[in-house]
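Encoded as C-alpha cells, the structure appears first; notes follow it.
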Amino acid sequence: MSTATETREPATPASPSPGRSTQLAKAGDWARRAPLLPALIFVILMTQLPFLATLVISFMNWNAYYPNERGFAGFDNFRRVFTDVNARQAVIVTILLTVAVVLISLVLGLGIAMLLDRKFRGRGVVRTLMITPFLIVPVAAALLWKHALYNPEYGLFNGLLKFVFGENAPQPDWITNNPLWAIIASLVWQWTPFMMLILLAGLQSRPLDVVEAARIDGASSWQIFRSMTLPHLRQYIELSGLLGAIYVVQNFDAVFTITSGGLGTANLPYFIYQTFYTAQDYGRASAAGVVVVIGTIIIATLALRSVFSLFKEETR
Amino acid sequence: MSAATPAPSTTPERVGGPQPMEPSEIRHRKPARSGSLLSLLAWVIGFLFALPVLWMILTSFHSETDAATNPPSVFAPLSLEGYKSFFAAGPWPSLLNSLTASVVSTALVLLLAFPAAYALSIRPVKKWTDVLFFFLSTKMLPIVAGILPLYLFAQKVHLLDNIWWLILLYTSMNLPIAIWMLRSFLAEVPVEMLEAAQVDGASLTRTLRDVIAPVVMPGIASAALICFIFSWNELLLARVLTGTVAGTAPVFLTGFVTSQGLFLAKVCAASLIVSLPVLAAGFAAQDKLVQGLSMGAVR
C-alpha cells in the first residue's frame, strides 16, 4: 500500500543524474542493488507487513474478550466505524484538529518567518527562542500546557488574569470550557516553529536582486509580497503545510495527555488506541486504522507531489 | 535559564545555495523607523513563544507551595524540591531505556541508511526515484495503522516490554528520513573525487570509508540528530509495547497525566529533564533540523 506508485510523475528521469560519469555506471545491477537491499527489506518487513495485517484484521470479527467468535466479518467493522457515534466524532475531531492546527500555525509561521528574514539585533536569539516549543518532548509540552498553563487554580493563564485584573478577574477552566481548542492551542504553539523554519529557509532562497530591482522600480512592499514572495514561497508553504498535516493527523501525545480523549476530543489515533488497548476490539480498531490510512494517503499524495517538485529543482 | 537561551550559534545568513552578493546589505539598505518596530515585534513574539518554557523552568525551581499560588509568585525563593521529588520517583530506568532505544536505533539506522543512500545516489539503481519515493511513502503511513499487528506479534514471540522490539521499530520509523537526508548529501560528492578513487583502484569499501564518508560527515551528523530526537520523543509505540521494564521516558511522563494537586514543580522538573537532550541537540543544530524535518527537500 505504498503511495509512491500513485504519484509517479511523468517527468521521472529514466536515467539517473546525467552529471554522473558513465564509467561509474558500468557495474552490474546486483552489485548496485546489494547496498540497498538490507534497508529496503527491513522497511518492508517492519512497515508494510503490519499494515497488510491490519487490513486483513479489519475484515475480521475479532475481539480478544470473545475469542470464540473470531471469523470473517466482511465490511461490518467499517460499517460500525461509520455508524458508531464515537468513531464518527473521532473522524470529525481529527479533521478539525488537523485543519485548524495546520492553518493557524502556517499563517503565524509565515508572519514570523517574514519578521525573522530581516537583519536585526539579536535575530539569532529570537530565532532560538522561537524554536524552543518545537524542542520540548511532545508529552512534556502537553503536560506543561495542562498543568502549568491551563490549570484553573494555579495555571499561568489564570495567574496572569489575576495579576492584570485583580482579585475579581475571570478564572476560566480552559480545558473544560474549550477542550478541543485547548489541544489546538498547544499544538499550534508546537508547530508554528516548524512552519516558520521551513518558510524561513524558503524566504532565504529567494533571489534578492530581483526583489531589489522591483523595489527600485517603485513596487510597494505589499506588491512585492503578493506577486513575488508568495509565488516563490508557494511550494514551501505547500510542503510545510502537508508535512505538518501528516504529523498532526497522527497526533496522540496531546490528546492523550491533555484530555485523555474525554470531552469529545478523541481523535482517530486515540480512538484506535482505546478500541484495541482498552476495548480489545481488534477488528474495529483495524477498520479505523484503515480509514486513517486512506485519509493520510490523500494528504500524502499531495505532499509527495510537492516534495517532488522541490526535489526536481534540486536535481535540475 | 541557560537551556532556553544559549548564545546564538552560528546562524548562517543563507540556507540555500551559493549567493552572488552579500544579501543583508542589499535588503536592509534603508533603515526605516518601521524596521525597529518590526524588530521589537519579533522580540516580543519570540519571547511569547518561549514564555511557557521559561515559565516551566522557573516553576521547576520553586517549592510545590510556591509553584501553586495564584497570582503566580515569580520571585519566590528557589528550591530543588521539584527535582528531588522527580528523582525520588525513580526515573533512571526509563531515562536509560530512552537513551538505549534512541542511541542504538540511530546507530542501526545509519548502518542501513548509508549503503542505501549510496545505492540511490552515486551509482544509482534503476528506477531509483521510485525506490526513494517508496521510502518516503512509508513515512506517511500512520504508525497507529500498524500498531495492532505489531502488538500481537510481540505478544506471540514474547517481545512485549522488551526494549529491542522498540529499537527495531524506531529503526524502521527513522530509516526513510535518514536515507532521504543522506542521499541529498551524497549527491553532492564531486564526481571527480569518485573517479580518482576508481582510477587508483580503491575498493568500494575504501571509497565509502576514505572518500565519501569524510565529505558527508555533516549529513551523517544531522541525520543522526533527527533520528535521535524522533526516537526520544516517541510515545504511542512505547506506551503500547512496553510496560514496567522497558518503559521509556515519555511513558514515565504519562504517569503524571492523571496526577492532581501540588505536584506542579515536580511535573515541570520532569518535563524539563526529559526534554533536555532534545533541547541541547536542537539548539546545537538548528539548520540541520529544518532539513531533516522536511526530509531533505528544503536545503
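Heads up, the Cβ atoms here are built off N, Cα and C, so glycines get one too.
Worth saying up front: this structure is predicted, and the values here are computed from it rather than measured.
These come from TrEMBL:
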REGION    A:1-23  region 'Disordered'
COMPBIAS  A:1-14  compositional bias 'Low complexity'
TRANSMEM  A:36-60  transmembrane segment
TRANSMEM  A:90-116  transmembrane segment
DOMAIN    A:91-303  domain 'ABC transmembrane type-1'
TRANSMEM  A:128-145  transmembrane segment
TRANSMEM  A:180-203  transmembrane segment
TRANSMEM  A:255-273  transmembrane segment
TRANSMEM  A:285-308  transmembrane segment
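A contact between the transmembrane segment (A:255-273) and the transmembrane segment (A:36-60) is absent, since fewer than 3 of their C-beta pairs, 6 or more residues apart, lie under 8 Å.
Taking every listed stretch (A:36-60, A:90-116, A:128-145) in turn, the largest tally of C-beta pairs under 8 A with the transmembrane segment (A:180-203) is reached by A:90-116. Sequence-distant contacts of the transmembrane segment (A:128-145) (same chain, at least 6 residues past either end, Cβ-Cβ under 8 Å): 112, 116, 182, 185-186, 189-194, 196-197, 253-254, 256-258.
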